[in-house]
């Protein structure tokens, strides 16, 4: 049978959604256990009046919780995207969609993405295109991705570990930073450069800022492992499939832990989205104290999004309660006050941060 690239890309998106929902795809330690916020025994603020609102790329959001890129590109993903969008609209959150490549290859799938603007007419929405696809198709594809969801910004994702271990992976990264720079110069909306689970170093952050990126989403190691996802996806019936499965398992530990990546990137510029293994409002508070502007969650929201609007809303409310309580106990009445919250960093995370900052 002839290889059908359009159908294959769409099928892969459904595979990813199913695997993330059904399998154990989290790997590693993002470093939050090594971060301890200093308790403020006299917080001098009213917990009931704590303000979670924040500004990001010229937009006011009701909370720093960002619904991270997850899905789209197959008819079976439309309902989840619609539910996530309704929650983003209801709670005043920013939201990113999954890679729009499938819908750009096959416009019949565009409604699996455009539904987010239908359901969230006022939300801050972020389009999504891979760096390789940007290099191959240029700003024209980026423009189509933006138009598809009426996006307020576009994320260019870096997923070269995933590409390296999937059978249909794009194996050349040559020219991607130049393509990002060209897009930043041409587009009228902000460009966000995002990793997808391996983190961003200070060196790469500086390349992104120099290229004109408006923000960086660190996508650190310690949350959903796309190496693990591809390992589950690999066909184990033949030698190549077994080899790819082993490769995915071997690289499950590859990457920069989220806390370390956040510290590195926040020291080079802003704004920064922290993501990768953030599982609670307490983790969010730690990220804000470390310099994050927004905190992205994907897997913790995907699972309730596959259940019901009520389950998803309950999860968001719990996260917000945890964040408010954490801020109160740090004496922070507003999000910007968390920048002044003291914290201790211990263990392996401290060691990695110290090793990355030689005297």
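Heads up, the Cβ atoms here are built off N, Cα and C, so glycines get one too.
Marked as substrate binding site by Swiss-Prot on the basis of sequence analysis: 12, 13, 99, 100, 101, 162. Residues annotated as FMN binding site in Swiss-Prot: 68, 69, 70, 71, 99, 128, 194, 224, 277, 278, 279, 298, 299. What Swiss-Prot lists as Mg(2+) binding site is 163, and the listing cites sequence analysis.
Swiss-Prot feature annotations superimposed on the structure.
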{"residue": "68", "record": "FMN binding site", "Cβ within 10 Å": "32"}
{"residue": "70", "record": "FMN binding site", "Cβ within 10 Å": "25"}
{"residue": "100", "record": "substrate binding site", "Cβ within 10 Å": "29"}
{"residue": "101", "record": "substrate binding site", "Cβ within 10 Å": "25"}
{"residue": "162", "record": "substrate binding site", "Cβ within 10 Å": "23"}
{"residue": "163", "record": "Mg(2+) binding site", "Cβ within 10 Å": "19"}
{"residue": "194", "record": "FMN binding site", "Cβ within 10 Å": "26"}
{"residue": "277", "record": "FMN binding site", "Cβ within 10 Å": "26"}
{"residue": "279", "record": "FMN binding site", "Cβ within 10 Å": "17"}
{"residue": "299", "record": "FMN binding site", "Cβ within 10 Å": "17"}
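Note: the Cα of residue 70 (FMN binding site) and the Cα of residue 100 (substrate binding site) are spaced 11 Å from each other. Under the DSSP three-state reduction, residue 99 (substrate binding site) is assigned to coil, being neither helix nor strand. Distance between Cα atoms for residue 101 (substrate binding site) and the residue listed as 'Mg(2+) binding site': 14 Å, as a whole number.
Of all the binding-site residues in the list 99, 100, 162, 163, the shortest Cα-Cα distance to residue 68 (FMN binding site) is found for 99.
Residues 68, 69, 70, 71, 99, 128, 194, 224, 277, 278, 279, 298, 299 are recorded as binding FMN; their most distant pair of Cα atoms lies 23 Å apart. Checking Cα-Cα distances from residue 279 (FMN binding site) against the binding-site residues (99, 100, 162, 163) with a 10 Å cut-off leaves nothing; none qualify. Taking the C-alpha positions, the distance from residue 299 (FMN binding site) to residue 163 (Mg(2+) binding site) comes to 20 Å.
The 10 Å shell around the Cβ of residue 99 (substrate binding site) contains 27 further Cβ atoms across the protein chains shown. Here residue 277 (FMN binding site) is compared against the binding-site residues 99, 100, 162, 163, and the shortest C-alpha distance is to 162. DSSP assigns residue 194 (FMN binding site) to a strand segment in the three-state reduction. Here the Cα atom of residue 100 (substrate binding site) is found 14 Å from that of residue 194 (FMN binding site).
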